[in-house]
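First comes the structure, then the notes that go with it.
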């Protein structure tokens, strides 16, 4: 008797589960209208300016369509969890913000709406090519890009002078950078930052790409322990053992204080680093190009807006994403947030901002991370191997091989 | 000599326990975006209330405080009452399965809340509770740790009063209100204070259940003011503001704590 | 007092007393316990069973989920990382539980020793309990920075000790995180111990002193044993807290270096919400549940039983 009632309970729960998740319809149907909810995040920390910006963008949409748009600003904290939880209950937003390594993971399990059917007659050519690469998964487009960023080196001018180098003539290759690093170390400076507790996108990956290697391809070919990969592991190991990067690089989440205090030659940063430096005006800086060993490369994210596949109002949601990422709204958005617009025609906002346009010129070298549904799963595995190497437990070759093995296991599941 | 040593130890401990608090309060008067190397970077040589004016720039902050008050006060009073009732039941009443029920309660609170969040959210969405106070109030109406503490306390109180009252013909609801509740006021105040602290400071649950700005409690509202990189000054200001009520509650009720936690069995 | 005895006594009462009389003595049980049980079933048991069902599926956030039987459970037994995470969690408890109790007791002893402004100091020691965790964690990371200019390293250097890596060293990171939790929680432990100390009658101390016992001996022979119910309560709350440790790893180390601070809740969070493997996360939470259950049964057996004498 007890057993039967328990089984019934299981059945009921099972039905609830199935019932909650039985809602996948595609196709470009439906009229634009009704109400949609958009989840964005505090991009700058200046809530007032951002509110104005969103008002302007949603007004531009409502002028054209008879639809209501609720913009909700969601804190960054535990953002994945919040989105997944809400979508699971079929109670999520109709449009939300995603980055390139999230997108394939979500698209692969059918969580995102394919946008191609909605794009007839929409100006796609104006989008930056490298941005569209990041919004596409298996030849289908799942998001439209709003912003790009590029990670490159910001040099402290007074440190450059202290080591007797020329700020007009910044390092372009690993070799040149090494020469500077040695001098910096001699003078008691750190050469650069390495936030080993953070994302591999800002640590290991750019070095792998610069060495001509890759991590794992979209069709699951593991490349991390190839020649380029091992070279990157070795280079990082050398930087750590020689004290070119700080002692806490194994797990550090940020090393801003060392940079702010003038103890570091160069910090890896992007748009917000620039905004901070300009606001404070304390450090005199120059921006250097992304380094190269075999190939010039940098990590650069592409921020995009996507539509979940269980939205009640796909037509309006898709239309809003289109309006949000048009040339005019890209200008509005990126002027406030100080990112690089993902459309060529919107890049005119930099005319008076030489540093931003310098950053924008590097977007041609950027790669968006690992585009694979397991892209984010494998990151902690690679991180652990990298940390083991920095702690001196394994050699660079062993670390790369162990990372490759772990990736192999993850993608074969 | 012994006294001297005690005071030295006291001084060191006081300094280290005071430090985070000092950094928080002084840092709130300093416009600095992130932590710096200088050990005293948080001391404002040029104090400014810019962070406060920023947080209070429009009425929404007051609304967040109101939300926090609502989702805190109701559970606090409800917990004080229900935990007292349950503590009494589990300490004094005899019925089949009493221990089994109690220890099941104890076992289930050990499940990590991180995991229950999805089933709970799905359920709340069915109830239409998302973006309402219900999602944060109803599940918190009583709490097992409070029941546990009050049960421990009442177990130490002799049954004499109760039995005398039964003989006088009182029923046990009267006994609870006339004898048990007055006896347990100190321990109930302790439960209330700890419940206040935990509900007021909870970030995780409201972060998941609330998406509309006007429904945010203070903790989530402050998080929503921070950009991707955070901002040291604004964080300190927000923490100082949300710290004040919890600390006042502690100061006000701390005299009850001692009495409340004392178990008669210790005598 | 065991369950069996209760049952016997209850049955006896039942056969003797008429319903009205029983209701008079137990009305509160009927009126309050049933609604509470329903509340408990809805908000605790149902979500818990729901996640139990998840363990047998490949659960999708959107779209159809499939039944996969014991796949995730089998994976768990072969997942070295899950066992490492359980081990880390256990080690964290070792570093955390006893020191928290000890520090709380020391603070309480100081306050109870007749120092001036005891109430004021009590307030100060309670400050970390009411200060936000994010602030304290940030401060802790700052104090224990692994470079030469970290505060703690700076102090160590003065005493001629080499700089330590702290959070960047797999041997030290977990201990530093435990230190953070000790600092955050000791204030509330102190409150419980202080209350306990206050209720120990002075005559006991005097009697011991007349017998010529040293202060240390008085502490171990009189004070410490008399605090047993407090030890029990504090042990339970710190144990639960230690097994659910998550925030500090999330904020300060990201689980590293080389998984040294990947605790079980951190790992299940990562599996569930970064890797979208919610079913496996559910398995991990069940594993944690069983561990806590076993530990608390043991605690109850050794600590709880004796406390019921009081």
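Quick reminder: no glycine exception, Cβ is built from N, Cα and C everywhere.
Just so you know, TrEMBL annotations are computer predictions that nobody has curated.
In TrEMBL, the annotation transmembrane segment applies to C:90-111, one of the ranges C:2-23, C:68-89, C:90-111. Annotated range for transmembrane segment in TrEMBL, selecting from C:150-172, C:173-195: C:173-195.
Among the ranges C:27-50, C:219-242, the one that TrEMBL lists as transmembrane segment is C:27-50.
The stretches the transmembrane segment (C:173-195) and the transmembrane segment (C:27-50) are not in mutual contact, being linked by fewer than three Cβ pairs under 8 Å (pairs 6 or more apart in sequence). If you look at the transmembrane segment (C:90-111), the same-chain residues 6 or more away from its ends with a CB under 8 A from one of its CBs are 118, 121-122, 125, 174-175, 177-179, 181-182, 185-194, 196-197, 227, 231, 234-235, 238-239, 241-243, 245, 263, 291.
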